[in-house]
Amino acid sequence: MKEAWQKAPLTSLIILIQVIVFILMTLAGGSTNSQVLIEFGARYTPLIKAGEWWRLITPGFVHIGLTHLVVNSVTLYFIGMYIENLFGHWRFLAIYLMSTLMGNLASAVFLPQSISAGASTGIFGLFGAFLMLGLAFWDEPAIHSLAHQFLILVLLNLGTDILVPGIDLAGHLGGLLGGFFMAAVVGAPRLGRMDLLKRFLSGTILIVTITVFLEMGLLK
């Protein structure tokens, strides 16, 4: 555990926050209770439209049931440590939070009457960040090979999202795209320089996408 804190302190902190929130939710009435979920910050579009904009971020720290928490925490532990080491602490945090925001924004627009929560929007964003690295540093065999493996993992997960009812496909896709483009914006200096024009275009795409989503579902 000490090694995890030293290598990836922000990943470890996010997981710790998730666990604390889950314990508090359990004490408050249960993490599967709709009212408790809403009170602790789950994504619910009518409340976002009413001005509770923090619900585009807070759902990333809220989980529905113990299995949901464990699966997401274990996944985040492994992928988060890897991405945090590749990008650096604050770039990792920027990618994770933008992915969470984009995922919940997409979910709010396309599933306005549902309640959703979970770190999977941010996790899919970390997948997206690694896919971006695979394109930006395609001439690096190790990066290219791992990015290919992540692509297969993403496709399998999206296939599951389509086939299994109740999974937030919009949130996962939004997180994936948010992570991909935010990773391009912040860059990965530890691996090498990235084209400035591509970084600018990625930032523009993010801004335009967020604006379109807001106009589609949250500013009406």
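Just so you know, glycine gets a Cβ as well, placed from its N, Cα and C.
The domain 'Peptidase S54 rhomboid' feature in TrEMBL is assigned to 51-187. The annotation transmembrane segment is assigned in TrEMBL to 12-33, 53-80, 92-111, 117-138, 145-163, 169-188, 200-219.
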List, by number or range, the same-chain residues at least 6 past the transmembrane segment (12-33) whose CB is under 8 A from its CB atoms?
1, 4-5, 39-40, 61-66, 68-69, 72-73, 76-77, 80, 96, 119, 122
Six or more residues beyond either end and a Cβ under 8 Å away: which residues meet both conditions relative to the transmembrane segment (53-80)?
4, 8, 10-11, 14-15, 17-19, 21-22, 25, 31-32, 37, 40-44, 47, 92, 96-97, 100-101, 103-105, 108, 116-123, 126-127, 130
